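For LYS15, THR178, ASP179, the entry in TrEMBL reads ATP binding site. Residues or ranges marked as substrate binding site by TrEMBL: SER59, ASP146, ASN158. For 286-365, the entry in TrEMBL reads domain 'PUA'.
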Amino acid sequence: MPADVLRNARRIVVKVGSSLVTNEGRGLDETAIAQWCYQLAALVRGDAGAPREVVMVSSGAVAEGMKRLGWNTRPQEIHALQAAAAVGQMGLAQMYETKLREQGLGSAQVLLTHADLADRERYLNARSTLLTLLRLGVVPVINENDTVVNDEIKFGDNDTLGALVANLLEADALIILTDQKGLYTADPRRDPCAQLVHEARAGDWTLEAMAGGAGSGIGKGGMITKILAAKRAAGSGASTAIAWGREPDVLLRLARGQALGTLLVAQTQKKQARKQWMADHLQLRGSVIVDAGAAAKLRDEGKSLLPIGMTAVEGDFSRGDVIAVRDASGAEIARGLANYAAAEARMLCRKPSSAFEKLLGYAAEPEMVHRDNLVLAAGSGS
Ligand SMILES: Nc1ncnc2c1ncn2[C@@H]1O[C@H](COP(=O)(O)OP(=O)(O)O)[C@@H](O)[C@H]1O
Ligand SMILES: N[C@@H](CCC(=O)OP(=O)(O)O)C(=O)O
C-alpha cells in the first residue's frame with residue numbers, strides 16, 4: 001500500500017535543494033531544471049496516471065546570487081546573504097519561467113515567510129492565491145522571501161517551507177529532491193557503511209538520530225530538516241518521499257508508485273488531520289447563525305457556507321479566525337475559518353454573492369466558510 005501513496009496523490013509539492021539547483025554552487029543547472037519542468041508538465045498532463053496538481057518549492061537563490069556577484073565564500077553578514085538571495089532569485093524565477101513555458105505551462109513566483117503562514121489572515125490569502133493558480137493550471141514556484149526575514153536565511157531551510165506549503169494546501173504528498181539517494185542510516189558522506197532506509201513512518205523519532213547536518217556546504221538543512229519536514233507534512237496527512245534529484249524521471253517514477261529513495265508515510269488521513277489541526281491550533285472567535293436550508297446543505301451535502309444562508313453574526317472576529325456555525329436553536333453544526341471579518345459578515349447576511357462587490361467595495365470569496373476549511377461537529381454528518 002505505501003506505493004499507492006504517491007500513485008494516488010493528486011496534489012504534490014516538490015522541493016529541490018540549493019546544491020542540486022545550482023550544481024553545488026557552480027550556477028543554475030539548466031539541464032536539471034529543464035528535466036524537472038518536463039516531469040512536472042507530464043504530471044499535470046496525466047502521463048503518470050491521473051493528472052496531478054503540482055507546486056514547486058525551489059531553493060538556490062543565495063547560491064546563485066553568490067555566483068552572479070562573484071563571491072566564492074558564503075558571507076557571514078546576514079544582509080549580504082539577503083542581497084545575494086535577491087540577486088539569485090531573479091535567475092531562479094527566469095529559469096523556471098522559461099523551462100515551464102517550453103513545456104506549455106504557465107508559472108508564478110510566490111515568495112513566502114514562515115510568519116506569513118503563521119498569521120491566519122495571510123495564511124488564508126496565500127492559500128486562496130495558490131489554489132487559484134492551481135485551478136488556472138499555473139505552476140507556483142515558491143521560495144522563502146529572504147529579503148524580509150533573516151532568521152530563516154541563517155538557520156533556515158526550504159524543507160520546512162515545503163512542509164508548510166503541503167500543510168497549507170493539504171497536499172497528498174511532499175517530494176524532497178536532494179543530492180543523496182534518500183535517507184541513510186548515517187550520513188553517507190561520512191559513513192561508507194550507511195544503508196538506505198526504504199520506508200518508515202513519518203514522525204518515527206528513531207530517524208532523527210540517523211540524520212547529520214548539510215554535507216555540501218551549499219544547502220543549509222541537511223537530512224534532519226527533511227525528517228522534521230516529513231513529520232510536519234504528516235500533520236496534515238501528506239506522506240513524504242526523499243529521493244535523488246538526478247535520478248532519471250524521478251518524479252514520474254515516484255508518481256507511478258515505484259519505490260525510489262525513502263518513503264516516510266503519514267499515519268493520519270487528511271480529513272482527520274484537518275479536524276485535529278483546527279481543534280489544536282485555533283481558538284473560537286465568534287459564531288454565525290444559519291437558516292435551516294444552509295444547515296442542511298452543510299450537514300447533508302458537505303457544501304460550503306454561503307452568506308445568503310446566514311441570519312446573524314456574533315462576536316468580533318477577523319478573516320482567518322475560527323468561527324462556529326450554529327443553527328437557529330444555537331446548536332453547533334460546524335467550525336471553520338472565516339473568509340470575512342465579523343463587520344463584513346454582518347453586511348453580507350442574507351445577500352447573494354453578486355451583491356458582495358457593491359456592499360464591500362471589492363469581490364472576494366463567494367463563501368463565508370469554504371467547505372475545505374469546515375469541520376462538522378460530532379453527530380452533524382460526515
Ligand atoms: N542520514 C543521512 N542520509 C543522507 N544524507 C545525510 C544524512 N545525514 C546527513 N546527510 C547530508 O545531508 C545532505 C543533504 O542536505 P542539504 O545539503 O541540506 O541538501 P539540500 O540542498 O538538497 O537541502 C547530504 O548531502 C548528506 O551529506
Ligand atoms: N531560501 C534560500 C536558502 C534555502 C536553503 O539553503 O535551503 P536548502 O538548500 O533547501 O537547504 C535560498 O533560496 O537560497
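Glycine is treated like the rest: Cβ placed from N, Cα and C.
Curation plays no part in TrEMBL annotations; they are all automatic predictions.
Taking a Cβ cut-off of under 6 Å from any atom of ligand 2, the binding-site residues SER59, ASN158, ASP179 reduce to SER59, ASN158. Listed in sequence order, the binding-site residues among LYS15, ASP146, ASN158 whose CB lies under 6 angstroms from an atom of ligand 1 come out as none at all. The distance from the Cα of ASP146 (substrate binding site) to the Cα of LYS15 (ATP binding site) comes to 17 Å. With respect to their backbone Cα atoms, ASN158 (substrate binding site) and ASP179 (ATP binding site) stand 14 Å from each other. Taking the Cα atom of each, ASP179 (ATP binding site) and SER59 (substrate binding site) are about 13 angstrom apart.
The residues of the domain 'PUA' (286-365), classed with DSSP into helix (H, G, I), strand (E, B) and coil, number 28 helix, 23 strand, 29 coil. Taking CA atoms as the reference points, SER59 (substrate binding site) and LYS15 (ATP binding site) are 8 Å apart.
Cβ packing within 10 Å was compared across the binding-site residues ASP146, ASP179, and the lowest neighbour count falls to ASP179. Reduced to three states, the DSSP call for THR178 (ATP binding site) is strand. Secondary structure at SER59 (substrate binding site), as computed by DSSP, is coil.
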